[in-house]
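Enquirer: Okay, here's the structure, questions in a sec.
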Amino acid sequence: MSESVHTNTSLWSKGMKAVIVAQFLSAFGDNALLFATLALLKAQFYPEWSQPILQMVFVGAYILFAPFVGQVADSFAKGRVMMFANGLKLLGAASICFGINPFLGYTLVGVGAAAYSPAKYGILGELTTGSKLVKANGLMEASTIAAILLGSVAGGVLADWHVLVALAACALAYGGAVVANIYIPKLAAARPGQSWNLINMTRSFLNACTSLWRNGETRFSLVGTSLFWGAGVTLRFLLVLWVPVALGITDNATPTYLNAMVAIGIVVGAGAAAKLVTLETVSRCMPAGILIGVVVLIFSLQHELLPAYALLMLIGVMGGFFVVPLNALLQERGKKSVGAGNAIAVQNLGENSAMLLMLGIYSLAVMVGIPVVPIGIGFGALFALAITALWIWQRRH
């Protein structure tokens with residue numbers, strides 16, 4: 001690993017390429033592992049309402065470690081933090097392969113993901129700056145969504161063939177991410193020498209939360225991204241139950257193909273946002289956020305595969321255009337106030353709290369027997385109303 005502490009701010013520097021490759025492999029493993037583990041739950045006859053619980057234990061790790069992972073990212077070279085985090089993911093995936101309870105193994109992957117996220121986004125502001133930061137976020141999101149696209153499909157297709165093969169492929173992807181992390185230049189720690197007293201760390205994290213919440217721009221970004229990712233992860237589980245009801249298809253692969261359409265759309269939307277939206281014109285993304293909810297509502301009423309594909313791709317386009325500028329806004333403003341690692345850790349707390357809440361409501365709705373189509377209609381309508389309210393609030397403040 002290079003010991004240089006100087007950044008080549010080119011969008012295609014060696015360090016940036018290594019970050020993007022590592023992110024692709026890590027996100028590929030995350031998404032393949034989700035669908036492979038869901039297939040394992042089906043094979044072992046777990047109840048349907050337990051499926052979102054799997055994701056809830058994952059995001060629970062994010063919430064539990066939120067006060068600490070931002071400081072970890074800012075106290076060490078971020079490339080090494082990413083390597084350690086991917087090592088934890090590798091251990092979690094391997095444990096599921098060897099028959100350990102899937103919820104426990106997936107929790108360990110969640111711990112790795114919690115440590116990984118502040119470092120992967122925080123390092124962007126160290127490898128590039130200014131106007132290139134939005135473009136770097138576009139590359140990161142495009143890499144992530146390409147991994148979602150391929151990882152989701154690979155997880156479902158391989159699981160239809162053999163669940164153990166799918167799980168092993170996830171472990172290999174995490175191993176590749178660890179190797180890619182080695183090639184990220186060792187940059188100076190952003191905030192070395194901080195106290196590791198847990199009480200002080202928690203207090204510092206709460207201060208970072210307060211600081212970001214009091215700033216109108218970062219509060220706007222936090223609420224917007226939290227709503228988006230909470231809705232996004234809920235949609236993934238909605239599709240798993242919606243496909244057999246609306247389309248009459250019962251395999252593991254079809255929900256992954258539909259999720260892939262969302263992923264393709266987000267790549268397109270992220271690219272458009274990088275060209276059309278700057279930090280000064282972030283509000284341009286808000287109509288796209290409202291349209292996400294409207295299109296989800298329309299999608300829930302479909303009974304044919306081709307319209308479902310098209311509508312999910314449109315949801316993805318709107319999603320990419322919506323979330324990329326909000327991420328860039330938080331990184332730029334947060335880096336100057338609380339540090340990039342802490343800013344992303346606070347963002348993770350918001351996003352994963354939203355995921356936990358939405359998944360909990362969704363799991364409860366399934367448990368009490370509400371049909372999946374009405375769940376989808378209500379979900380889309382509420383999301384559109386929430387983004388509309390956020391936009392009105394942002395314009396007033």
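Cβ atoms are placed via backbone N, Cα and C, with glycine included.
Keep in mind the model is a prediction, meaning the values are calculated, not measured.
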Enquirer: Would Swiss-Prot have LYS78 on the same side of the membrane as ARG396?
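Expert: Going by what Swiss-Prot records, ARG396 is on the opposite face of the membrane from LYS78.
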Enquirer: When only pairs 6 or more apart in sequence are counted, do the transmembrane segment (227-247) and the transmembrane segment (281-301) reach 3 or more Cβ pairs under 8 Å?
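Expert: They do touch: at least three Cβ pairs between the two stretches lie under 8 Å.
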Enquirer: Under 8 Å between C-beta atoms and at least six residues away from its ends: which parts of the chain pack against the transmembrane segment (167-187)?
Expert: 1-5, 7, 14-15, 18-19, 21-23, 25-26, 28-29, 32-33, 36-37, 40, 77-80, 82-83, 86-87, 89-90, 93-94, 96-97, 123, 126-127, 151, 154-155, 158
Enquirer: Would you kindly list the residues that approach the topological domain 'Cytoplasmic' (326-343) from elsewhere in its chain, counting only those six or more residues past its ends and only Cβ-Cβ distances under 8 Å?
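Expert: Same-chain contacts beyond the ends: 69-74, 78, 118-119, 121-122, 124-126, 133-134, 137, 141, 190-191, 204-205, 207-208, 211-212, 215, 217-218, 220-222, 224-225, 228, 279, 282, 285.
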Enquirer: Go through the chain and flag residues at least 6 beyond the ends of the transmembrane segment (91-111) whose CB is under 8 A from any CB in it; none is fine as an answer.
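Expert: For the transmembrane segment (91-111), the nonlocal Cβ contacts are 29-30, 33, 37, 40-41, 53-54, 57-62, 65, 164, 167-168, 170-171, 174.
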Enquirer: By a Cβ-Cβ criterion of under 8 Å, what residues six or more beyond either terminus of the transmembrane segment (257-277) are in contact with it?
Expert: 134-135, 137-138, 141-142, 145-146, 148-150, 152-153, 156, 232, 235-236, 239, 243, 284-285, 288, 308-310, 312-325
